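These notes are about the structure you will find just below.
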2 protein chains.
Amino acid sequence: MNTLHVALGDRTYPIIIGSNASHAAEPLQKAIIGKTVLIVTNTIVGPLYAEQLAKTIRGLGKTVHIHTLPTGEEYKNLETLNTIFDTLLANQCDRKTTLIALGGGVVGDMTGFAAASYMRGVPFIQVPTTLLSQVDSSVGGKTGINHPMGKNMIGAFYQPQLVLADLSTLNTLPGNELSAGMAEVIKHGAIYDAAFFSWLEDNMPKLMAKDEAALTHAIVRSCEIKSEVVAQDEKEGGIRAILNFGHTFGHAIEAGMGYGAWLHGEAVGVGMILAADLSHRLGQLSATDVTRIQNLVKAAGLPTEPPKLGIDKMIELMKLDKKSDAGQIKFVLLEGIGKYKIQTAPKIILRETLRVCEVI
Amino acid sequence: MNTLHVALGDRTYPIIIGSNASHAAEPLQKAIIGKTVLIVTNTIVGPLYAEQLAKTIRGLGKTVHIHTLPTGEEYKNLETLNTIFDTLLANQCDRKTTLIALGGGVVGDMTGFAAASYMRGVPFIQVPTTLLSQVDSSVGGKTGINHPMGKNMIGAFYQPQLVLADLSTLNTLPGNELSAGMAEVIKHGAIYDAAFFSWLEDNMPKLMAKDEAALTHAIVRSCEIKSEVVAQDEKEGGIRAILNFGHTFGHAIEAGMGYGAWLHGEAVGVGMILAADLSHRLGQLSATDVTRIQNLVKAAGLPTEPPKLGIDKMIELMKLDKKSDAGQIKFVLLEGIGKYKIQTAPKIILRETLRVCEVI
């Protein structure tokens with residue numbers, strides 16, 4: 001088992017990474033302060049892992065309830081969130097009740113926001129079961145839900161007490177979900193660590209074959225990078241924005257296609273290619289590096305072409321991004337692999353990059 | 001104008017109290033960082049004060065939108081909250097947009113929670129227009145909405161940038177709302193300041209006649225007391241709970257009658273009488289002091305008898321209170337005027353106190 005700490009003062013918490021990490025009773029015992037636990041999961045993950053987790057926690061003398069959400073990003077909304085509150089209140093759960101998110105990013109985001117909001121905040125543990133949630137949403141405390149007009153528009157910064165990233169849950173993960181998670185792993189290399197990016201180029205076949213040692217390294221290094229960034233800027237005033245590399249384009253694709261049509265990681269994969277292209281057109285990234293990013297995204301089994309949403313539609317959707325400032329789109333771009341730059345872009349050059357989105 | 005500061009480290013904020021405080025451009029200019037402001041108000045307060053406030057802020061070169069909520073506690077729910085997000089997104093409001101709550105406690109609670117949650121947190125200003133919101137909800141950062149199964153069950157601790165308590169808005173306040181606010185003023189004296197309680201006994205007729213000097217003193221002293229308590233315990237781990245004197249009973253009355261049937265302050269007024277009665281039955285408060293509390297509640301024009309909800313129903317509702325701990329009801333009681341004690345109570349004695357709630 002590998003243990004990292006996300007350093008956030010009195011909100012510092014451990015991430016435990018390894019096979020069967022979710023069976024580890026000791027960290028759970030330390031993290032659960034009250035007598036009652038609500039495991040929130042979904043219809044796919046719940047049947048596979050909820051009972052085992054509940055059994056481990058019942059073994060600690062706790063009362064465990066299980067709440068199962070419908071599966072999919074399209075349910076990450078206010079109505080579904082409210083069903084968690086219904087269950088909490090129906091079971092008379094008090095302020096010391098711990099919420100455990102067992103599932104991927106959608107379950108984690110919704111459970112985290114439910115924990116942040118229920119009685120103005122109850123304790124919260126994450127057991128991420130997808131690569132994406134293990135390397136991304138389990139670090140950093142971002143929680144939230146979607147609004148029909150924008151992704152993650154409603155939420156809170158709220159830190160968990162503990163994250164258990166159980167590698168063995170990846171065995172049941174579909175291939176396209178593994179790819180989607182890999183998009184964020186690639187992102188961490190691209191913006192922050194050229195050596196890690198090279199390592200990913202060499203090891204992508206192993207990673208896609210779910211080689212345990214390779215996956216462990218990729219997850220640990222990703223969590224380290226994200227932790228380092230988040231520890232410097234918990235509430236996204238500055239450097240944390242670099243984690244949005246590929247996301248300005250990606251969010252527009254997700255919103256434009258309707259939530260659930262593209263996986264988040266798929267949209268981010270294409271978004272990184274577009275961001276690399278824009279960086280190149282601005283004269284700050286070599287054609288070779290653009291190709292390296294394209295190739296690595298492709299090697300991870302991700303799409304490399306954006307949907308034909310139209311240039312104007314893409315720009316309109318990007319203006320709604322949370323990082324926009326009075327209608328100005330702020331991009332996270334590259335000045336070489338491993339080196340980010342936050343900047344705006346002239347509209348005429350942006351439109352060049354977006355030409356691949358043109359409706360045919 | 002009187003200015004107080006709620007001392008919360010880097011979240012410290014000023015409360016400005018006085019006639020026409022909401023016309024003061026300087027503090028607004030200091031507090032509004034972005035270019036866009038959304039004033040959230042309701043159908044009663046909006047027509048009276050929204051345009052004047054919007055004009056003042058437009059004079060600072062800001063774009064101002066106004067969102068009008070339906071009036072009443074029964075709309076303090078997830079659906080109404082979502083209409084604020086709709087307006088924010090329809091106007092492409094970004095992370096620097098300031099939300100201003102113009103209205104009473106319901107508007108303040110909902111706007112505050114919307115500000116806490118929109119894009120995971122945007123700046124927020126309160127312009128409370130009722131006595132209740134001036135002395136209570138504008139200090140302390142509690143925001144939230146109701147759930148059919150419990151009041152304020154969903155929310156956040158979120159501090160405003162500024163509070164403008166404009167005394168002139170009290171001129172249009174209905175008498176029963178003035179009384180409701182007075183319940184919290186009485187509470188502050190009862191739990192924390194015996195001299196202030198005596199002053200209230202002497203000055204209640206003046207206060208009910210909206211004498212400006214008397215009201216100013218009552219509001220300033222109330223805000224001081226609440227600020228002092230909150231500064232010691234922002235997130236209600238300890239002493240802050242004393243502000244719930246009368247509220248455990250009061251919340252049960254509100255929930256039991258259906259939100260909106262009783263004003264919050266009316267329920268708290270009766271709740272304080274029940275809490276005083278329970279304190280007396282536990283041998284820690286004299287019969288004279290119970291009578292003083294009853295008389296002061298009555299002098300404020302508040303009801304002094306609880307509705308006949310039934311003893312069991314009241315106990316069941318109280319167990320749902322956020323301060324309950326594993327089904328144990330924690331009461332804030334008195335050991336004399338101005339001296340609180342947090343404690344549980346034997347069921348048999350509690351039932352004696354609740355006998356006045358018995359269904360006839």
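The backbone N, Cα and C atoms fix where each Cβ goes, glycine too.
Automated prediction, rather than curation, is the source of TrEMBL annotations.
Per TrEMBL, the NAD(+) site holds B:Gly105, B:Val106, B:Val107, B:Gly108, B:Asp109, B:Thr129, B:Thr130, B:Lys151, B:Thr169, B:Leu170, B:Asn171, B:Thr172; the candidate it also names there, chosen from B:Lys96, B:Lys142, is B:Lys142. Among the candidates B:Glu184, B:Glu316, B:Glu335, the residue that TrEMBL annotates alongside B:His247, B:His264 as binding Zn(2+) is B:Glu184.
Around B:Leu170 (NAD(+) binding site), the same-chain residues at least 6 positions away in sequence with a Cβ under 8 Å from its Cβ are B:Thr129, B:Thr130, B:Leu131, B:Gln134, B:Leu178, B:Lys210, B:Leu215. Residue with the densest Cβ environment among the binding-site residues B:Lys151, B:Thr172: B:Lys151, by other Cβ atoms within 10 Å. Mean per-residue pLDDT, taken over the domain '3-dehydroquinate synthase N-terminal' (B:68-179), amounts to 95. Each residue contributes its Cα atom, and for B:His264 (Zn(2+) binding site) and B:Thr172 (NAD(+) binding site) those atoms are 19 Å apart. In sequence order, B:Lys76, B:Ser137, B:Lys142, B:Thr143, B:Gly144, B:Ile145, B:Asn152, B:Gly155 constitute the residues six or more apart from B:Asp109 (NAD(+) binding site) in its chain with CB-CB distances below 8 Å.
Per-class residue totals from DSSP over the domain '3-dehydroquinate synthase C-terminal' (B:181-324), listed helix then strand then coil: 105 helix, 0 strand, 39 coil. Annotation for B:Gly105 (NAD(+) binding site): same-chain Cβ neighbours under 8 Å, separated by at least 6 residues, are B:Pro128, B:Thr130, B:Leu132, B:Ser133, B:Asp136, B:Ser137, B:His264.
Annotated Zn(2+) site B:Glu184, B:His247, B:His264; additional same-chain residues within 8 Å of its Cβ mean position, judged by their own Cβ, are B:Leu132, B:Asp136, B:Ala183, B:Lys187, B:Gly246, B:Gly250, B:Gly265, B:Ala267, B:Val268, B:Gly271. The two recorded residues B:His247 (Zn(2+) binding site) and B:Lys151 (NAD(+) binding site) have their Cα atoms spaced 11 Å from each other.
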